[in-house]
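Below is one structure, written out as structure tokens; the observations come after it.
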Amino acid sequence: ENVSLPFKLYCLTVMTLVAATYTVALRYTRTVQTELYFSTTAVCITEVIKLFLSVGILATESGSLSRLITSLKENVFGSPKELLKLSVPSLVYALQNNMAFVALSNLDAAVYQVTYQLKIPCTALCTVLMLKRSLSKLQWFSVFMLCGGVTLVQWEPAQATKVQVEQNPWLGFVAIAVAVLCSGFAGVYFEKVLKSSDTSLWVRNIQMYLSGIAVTLFGVYMSDGAQVLEKGFFYGYTHYVWFVIFLASVGGLYTSVVVKYTDNIMKGFSAAAAIVLSTVASVILFGLQLTTTFLVGAILVCISIYFYGFPRQDTTKIQPAETKSPKERLDTV
């Protein structure tokens, strides 16, 4: 449980690179390819890969095949209530991941990366209400600064000159809004489940990904069922699409590790660095033309993310429930 600082830095570095590369690569596959693949099938395959990776890591953690089987019997197949509990974030995450494809089909990667940071105020609100924590004056100030920065980015968004496909910026923004709400709720819910018991992180992941596979398969049937039957489950898949799926799978696992072992300051640096990397990549790959309002807004967002991490708090355990009402906790500084 007491992990070293180099391990935390390693996890955050990987997550930063994965987050920046994922948005740029996904944007590329949704705007450059002629045969557009089904995003719902990509989300489903991602859940399957994350499940196998989690089982593999749990096997390493268990030390033997017999212990792995025993752990799976007791904690997964023998705990239907726990599976049902983890089906909530799996459903919300499935919606979030599908909204990411919609958003990046209509917005540049840099604009998406900045606007997606609205998950911070959403997560802050869920943290106050669900985990019984309070925020400092600086943290509330940073939340409003972040919202102001995102407003500037959306006021006069940067335009990509090398993207020829038809786009709907309003649809992209609505998709991000839904993804932000999903991210805030599901992240805090999963953190509460994760830190309220001594159950292995990888057991929790397996429980969530099993539910996620069922949910995403249902999504494939409802959204693209007829076309999938006609064209095939892997229609339009290329090496780039598989690369996006790989990044989403790895990113999901590292996000779980980061939630459990790091703090707000380190996650803030990671998010700010991902914004910078995505912006640079968008300028190079998509001919993104930066505007003054975009740059000012992006800088405000990066600063607010940094401020939000202070004061440093111990987030390794869920704090005991307070007697304050939700309204009183919102007013706490």
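Each Cβ is built from the backbone N, Cα and C atoms, and glycine gets one as well.
Marked as transmembrane segment by TrEMBL: 7-25, 37-59, 138-155, 170-190, 202-222, 234-257, 269-288, 294-310.
Scored by C-beta pairs under 8 angstroms, the transmembrane segment (269-288) has its highest count with 7-25, from the stretches 7-25, 170-190, 202-222, 294-310. Counted over residue pairs separated by six or more positions, the transmembrane segment (7-25) shares at least 3 Cβ pairs under 8 angstroms with the transmembrane segment (234-257), which defines the two as touching. Counting Cβ pairs closer than 8 Å and at least 6 residues apart in sequence, the transmembrane segment (138-155) and the transmembrane segment (202-222) reach fewer than three and form no contact.
If one looks beyond the transmembrane segment (170-190) by at least 6 residues along the same chain, the residues whose Cβ comes under 8 Å of a Cβ in the stretch are 86, 88-89, 92-93, 95-96, 99-100, 102-107, 112, 115-116, 118-119, 121-123, 125-127, 130-131, 154, 204, 208, 256, 259.
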